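Heads up: the structure comes next, in structure tokens.
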Amino acid sequence: QKGLDYACQQGVAVLQKELEKIRIPDVSGKFKLRPFGKGHYNFHSLVVRSFQLPNPQIRLQPNVGLRVSISNANVRIGGRWKARKGFIKVRGKFDLSVEGVSISADLKLGSVPASGRATVTCSSCSSNINRARLRSQASWGGWLKLFHKRIESSLRNTMNSKICQVLTSSVSSKLQPYVETLPLKERLDSVAGIDYSLVAPPRATADSLDMQLKGEFYNVARPSPPPFMPPPMAIPSLHDRMIYLAISDYLFNTAALVYQQAGAFGLTLRDDMIPKESKSRLTTKFLGKALPQVAKMFPNMNVQLTLSVSSPPHLTTRPTGIALTAAVDLQAFAILPNSSLASLFLLGLKLNTSAKIGTKADKLVGELTLGRLILELKHSNIGSFPVQLLQALMDYVLSAVVLPKVNEKLQRGLPLPMPRKVQLYDLVLQPHQDFLLLGANVQHG
């Protein structure tokens, strides 16, 4: 309800401005002035000076969407009037106070199946005006007593019909375009985009408004459905924040699939990429401390490590935390004097990392920390050797060089599916089984 109240506050501010733009047509008619017969009056230059909406509310309307209700609204209308009977002409200014205005409207929420875009329409609207009071600013105000009831009734009926017209129009011309700022498909880089389209119409219940988004990465050049399905999510019922966003492991794992298939996880390391202060070096001399045959066969040469991810990394979220596993092939080469490469060995690396996910500027950001690293010798051109001899070097290379580069990219952030100008604050992130739950308050501006 806190989120609905804030949305109500923002929406009613827009509606108020639109209602104050109502154009009221001139009102003309005849009146009787005994014993002199009939006269004519005309009310013109009518302007809505203020339209106050003091008690707005938005409530959930199950199976429809939202119900907007406003009570005790009041309107001030100003203008000019003139009356004539024979050679007698009078004119002046007037104020009309319209009080006790009540408005009720249902906003039906839906979606366009072909695009997954959210829609909102005004499915019903009614308004009622309790009373209208006419006051003249001229010394001829007594003339108004001859026809004030007709004017009050006419202007009350006019305002009654205009209110729902304006509300319905505002929903289609203001609210719907704003809803359309919810991102559908957003290209992130030359490789991937993210699909946030709706997979079903929004669903209103007695205590929540739920939207199911696809939450899937896709290859911008060759989009294709992933070979796995999203896991079910048992989302807890929480009400401390305005909105809650459940982010399934499916989102992150489709990202891993797309980037791995595009070859974006490849990385080449050379000695000049190792921190200068480090004792560990990518040279045959340093490698020869663990593998003497390397230094003998390729003396005083630099070493190149080429890393490629052999299968998509897999992220798993549990209440205890977030883990990511990856299988990496590491090919080691000696760089010969003519800059050609001589293959040394091929290792298979199984990485177990812990992941921290946070937020920055309305984006999800991540950071990986190396946990356990398991080595396997897949092929060797320098003879067989125990892979444990390279454990310390590989731990260092992964922790000091590879993961910092990965984390640098993860800090660029993943945009959250928020409409335009919505900012999040008071964020809280909770890991659950197979999904991450983000709770936040929102502000517009």
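Glycine too: its Cβ is placed from the backbone N, Cα and C atoms.
Disulfide annotation in Swiss-Prot: Cys164 is bonded to Cys125, selected among Cys122, Cys125. In Swiss-Prot, the feature region 'Central sheet, part 3' is placed on 426-445, out of the ranges 86-105, 426-445. Proximity of Cys125 (disulfide bond) to non-local residues of its own chain (separation of 6 or more, Cβ distance below 8 Å) is seen for Ile103, Ser104, Ala105, Asp106, Cys164, Leu167, Thr168, given in sequence order. For Asn352 (N-linked glycosylation site), the same-chain residues that are 6 or more apart in sequence and have a Cβ closer than 8 Å to its Cβ are Ala323, Thr325, Gly371, Arg372, Leu373, Ile374. Taking DSSP states H, G and I as helix and E and B as strand, the region 'Central sheet, part 3' (426-445) has 0 helix, 17 strand, 3 coil.
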